[in-house]
Amino acid sequence: MRKTKIVCTIGPASESEEMLEKLMKAGMNVARLNFSHGSHEEHKARIDTIRKVADRLGKTIGILLDTKGPEIRTHDMKDGLIMLEKGKEVIVSMSQVEGTPEKFSVTYEDLINDVQVGSYILLDDGLVELQVKDIDKTKGEVKCDILNTGELKNKKGVNLPGVKVNLPGITDKDADDILFGIKEDVDYIAASFVRRPSDVLDIREILERENNHNITIFPKIENQEGIDNIEEILEVSDGLMVARGDMGVEIPPESVPIVQKDLIRKCNKLGKPVITATQMLDSMQRNPRATRAEASDVANAIYDGTDAVMLSGETAAGLYPEEAVKTMRNIAVSAEAAQDYKKLLSDRTKLVETSLVNAIGVSVAHTALNLNVKAIVAATESGSTAVTISKYRPHSDIIAVTPSEHTARQLALVWGAYPVIKKGRKTTDDLLNNAVATAVETGRVTNGDLIIITAGVPTGEKGTTNMMKLHLVGDEIAKGQGVGRGSVVGKTVVANSASDLEGVDLSESVIVTNSVDETLVPYIEQAVGLITEENGITSPSAIIGLEKSIPTIIGVENATKELKDGILVTVDAAQGKIFEGYANVL
């Protein structure tokens, strides 16, 4: 099972039912809606279509609302475009004017108070660079030298690298969009241009005022101020998005990979999901194949420890949205297969802080690795159990069984977690039985698989992960007292006397008999296992089992009547249990 999650931006190229179905089948886990573009009516139509297709396919798909944020843009230019020439001067006005090569204006009136002589102003993702030469606060004008030639069109982005700006945490539009998201029951908010913890708390205040406790907040770190305040920002956040687009304009491009690794590591330490975004497969907007550099970029983000990787224009407006998702999926699967999970677990154990809940998580991960369990089944109300285990990046699949649709969609973004919605768990026994049955229903585990079940007891309390149980999936058909510690798989041969075994090939057989006498010994020596009804560790059955090092179970009531000839069984002498079929016992 692929463990790294894929976020796809939904736009004109991907909003149809047909294409959404293709993206979901290709590997999309979360649908991102960019509120920098489009009306509420357009986004509602997309949300409805996403949920309709997901329900039809039986998929759990999260929905992420990406705010426009408090960005700075230019106003309109004369004839829609002006040319700025290197070596000349241009005035940036705080009052709205029609842009000319001599003067244009910006949407942020306090820019004049934030910059100083020598500050840089970058236009249109850094394609045009200005340097502040003089500031005239009386006129509300900033005179700049033009450092390189370039075109400037209407409403282009403005970046102020290294400058602390006094923009609000969220705009009126953002607040309106968030209220819309609450009404439409979105799962996550990606908050654009977050600079300080108060920016996140402004959003949290809206959610709390609306009594919403389901939506999680992922600040987008896109500037130096956000990088500098990352520790405090993470304290009030549920996760993080490493938004490399504007970040690569605000800080030197060569610093972006270093910052990316640092931000991901900080999230990993706290066990908070992190998304790596922007230009991951950018060339696939135009071409059906990714470049080698892009493949390396996606893989290295996974090696860095990201929970999810994101596609932007590739799926929103590109020519090959389905191919982009498939490519990202294949890169993720390949990168995960090359991971050294033993080393990964060791590194995570050292990185993540010790706590009672984390102690269970790390124990689950170590046990899963040492015993090579097929899956970890996390029974969870809030999702915290699955998140706790995910911190340690276990090789085994994490099947998160939850009664909550909201929790399932939240887990769509968590590394390694496969959420399954299942109602009805009132007692601990119900919880365990329900978890096992649900895991089998997914097809990811089958009879004979060794799994770990983990949960919080009592049920329903967030952050109380405190239970771990090893469980063998399958039907236990009989039990008694085991002799020795081995296990074996074979077909039963029921024998009431030695004559029943004459001429029978016993090389892969388990003999089932009432008791053992000397006439049976030559046949028992040929068999792989022994099951008898007689009791006692000093009985002939126990003695012959020990002497011949044959996995033996004694004291199995009515064995010769209950166990039929020719059925495949697993004899587990360590537990004194007999399972139908093959069971992966220790």
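Cβ from N, Cα, C; glycine included.
Annotated features, as they stand in Swiss-Prot:
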type	residues	note
BINDING	Arg32, Gly245, Asp246, Thr278	substrate binding site
BINDING	Asn34, Phe35, Ser36, His37, Arg73, Lys156	ATP binding site
BINDING	Asn34, Ser36, Asp66, Thr67	K(+) binding site
BINDING	Glu222, Asp246	Mg(2+) binding site
SITE	Lys220	site 'Transition state stabilizer'
Item to check | Output field, K(+) shell: CB within 8 Å of site CB centroid, site Asn34, Ser36, Asp66, Thr67 dropped | outcome: Leu33, Phe35, His37, Leu65, Lys68, Gly69, Ala190, Ser192
Item to check | Proximal residue to Lys156 (ATP binding site) among binding-site residues Arg32, Asp66, Asp246 (C-alpha distance) | outcome: Asp246
Next on the checklist: Most Cβ neighbours within 10 Å: which of the binding-site residues Asp66, Glu222 is it?
Outcome noted: Glu222
Checklist entry - Out of Arg32, Lys156, Lys220, which of the recorded positions is least crowded by other Cβ atoms within 10 Å? => result Lys156
Next on the checklist: Quick check for you: of the recorded positions Asp66, Arg73, Lys220, which have their Cα within 10 Å of the Cα of Arg32 (substrate binding site)?
Outcome noted: Asp66
Checklist entry - In sequence order, which residues at least six apart in the same chain have a CB under 8 Å from the CB of His37 (ATP binding site)? => result Gly11
Checklist entry - Are any of Ser36, Asp66, Arg73 (the binding-site residues) within 10 Å of Lys220 (site 'Transition state stabilizer') when you go C-alpha to C-alpha, and if so which? => result Asp66
Checklist entry - Counting only residues 6+ apart in the same chain, whose Cβ is under 8 Å from the Cβ of Asn34 (ATP binding site)? => result Thr9, Gly11, Asp66, Ser312, Ala316
Next on the checklist: Run through Thr67, Asp246, Thr278 for me and report the binding-site residues whose CA is within 10 Å of the CA of Ser36 (ATP binding site), in sequence order.
Outcome noted: Thr67
Checklist entry - Which ones, of the binding-site residues Phe35, Thr67, Arg73, Glu222, have a Cα no more than 10 Å from the Cα of Thr278 (substrate binding site)? => result none
